[in-house]
Amino acid sequence: MHGKLLPLAGLYLVQGLPYGLQSSLLPILLRARGLSLTRVGLTKGLYAPWLLKLAWAPLVDRRGTPRVWLTFSTVCLGLVCGLLAVLPPPQAGQTGLPTTVMGLLLLLNLGAAVQDVALDTLAVQLLEPKELGPGNTVQVVAYKLGSALAGGGLLVFFPTLSWPLLFLLLTATYWLAAALAWAAPALGRLSRPQVSEHTPHTSYLLQDLLAVPGTLWTAGFVLTYKMGEQGAGSLFPLLLLDHGASASDLGLWSGLGAATCSIAGSSLGGALLARHWQPLKLLRSVLQLRLGGLACQTALLLHLNTPGASLDPGTVMRGAALLSLCLQQFLGGVVTTATFTVMMHCSQLAPRALQATHYSFLATLELLGKLLPGTLAGVLADGLGPRLCFAAFLVLSALPVLDLRLAPSNLT
């Protein structure tokens, strides 16, 4: 099993770098330079290529091998980072990101999305049913670790780490990962698909995907299970910044500290699944705890708006804010590992030639459910105010708790 999990861990870690860069580092830097919550939130539109994974997933299914696709996409990611290294960083007073930087970040997401399809193809085809728990733990933990290193970790060192050096380090990392993708024995063992295994014609593709047992329910669940958490998680650190928290502190709180708790939660989820806990049973318990944690976080924000409340060092509010961030990330980590296990189990019920496309379909919906609230959270906060915005997030977080009552028996 280790021969499978170690290459997966290294490649999923590298895959998390663009997400951490744009979800943790970039928003705080832009907000610190005076951009509105709306403009900061709309930069998440750069994740758009991830929503189009289904367009090229059939190509990965029937052309080439995972090793070729992984190597090609990872080399391209290194080239894009090399180009970003020669461009000037965003300056104070700018109304948004420069067009060239936005274009290269869009290409960075495109390369990472292609890499994701190839890597998920490898995971779905390599992992046996008994390996799904450990395999998804490695997937989620390594991805979050890469996100934390590129987000909170770089934010802490950004005052001393120049923009060119940052992207040169990322270039070297991607090219090392490309060498791993080419040399790993586990990747080379997957053969090129036969003609008889090719994915059905595009006009029948969606029908074939939905015909896989459990797909309709799984699609609805993964679309909604992170909406409330993601909306609140993307907005909460920015509101703390508005109430006096420093960018470097938030780099530790919402970056490294929260990511450490998220990784711990994902690891705990994997350990429980390895001990034969049913994923849906685990989700029922943890989603209720997550809903309670979000209610406490909402109450904390309401209290910060009262006279005399502050986030100064040594205050109870500062400790409560830190605890709130860490608790939600910890519970979210458990939820993510269990949900990805359900997704992969559902995709393994599909014909082999359709598995990569099926998993990409579910992963696209999962990303859409996280991207929409993260993108629109700033718009809602500017338009409705944080109170109504977090009330909506509470309602969204209650939906997956109710949805679990309708789960089909073939996914238990």
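Every residue gets a Cβ built from N, Cα and C, even glycine.
Look at TrEMBL and you will find 1-16 tagged as signal peptide.
What TrEMBL lists as transmembrane segment is 68-87 (among others).
Residues 8, 11-12, 15, 18-19, 22, 46-50, 52-53, 56-57, 60, 66, 69-70, 72-74, 76-77, 80-81, 83-84, 87, 90, 356, 360, 363 of the same chain lie 6 or more positions beyond the ends of the transmembrane segment (99-119) yet place their CB under 8 Å from a CB of it. Sequence annotations record features per position, and here TrEMBL assigns transmembrane segment to 99-119 (among others).
Residues or ranges marked as transmembrane segment by TrEMBL: 140-159 (among others).
Residues 7, 10-11, 14, 17, 21, 67, 70-71, 74-75, 77-79, 81-82, 84-85, 150, 154, 158 of the same chain lie 6 or more positions beyond the ends of the transmembrane segment (165-184) yet place their CB under 8 Å from a CB of it. The transmembrane segment annotation in TrEMBL covers 165-184 (among others).
According to TrEMBL, the feature transmembrane segment maps to 250-274 (among others).
Taken from TrEMBL, the feature transmembrane segment covers 316-344 (among others).
Here TrEMBL flags 356-372 (among others) as transmembrane segment.
What TrEMBL records for 384-402 (among others) is transmembrane segment. Residues of the same chain lying 6 or more positions beyond the ends of the transmembrane segment (384-402) and with a Cβ under 8 Å from any Cβ of it are 221, 224-225, 227-229, 231-232, 235, 239, 283-284, 287-288, 290-291, 294-295, 297-298, 301-302, 373, 377.
Long-range contacts of the signal peptide (1-16) within the same chain, counting only residues at least 6 positions beyond its ends with a Cβ under 8 Å from a Cβ of the stretch, are 70, 74, 112, 115-116, 119, 122-123, 126-127, 131, 134-135, 138-139, 141-150, 173-174, 177, 180-181, 184-187.
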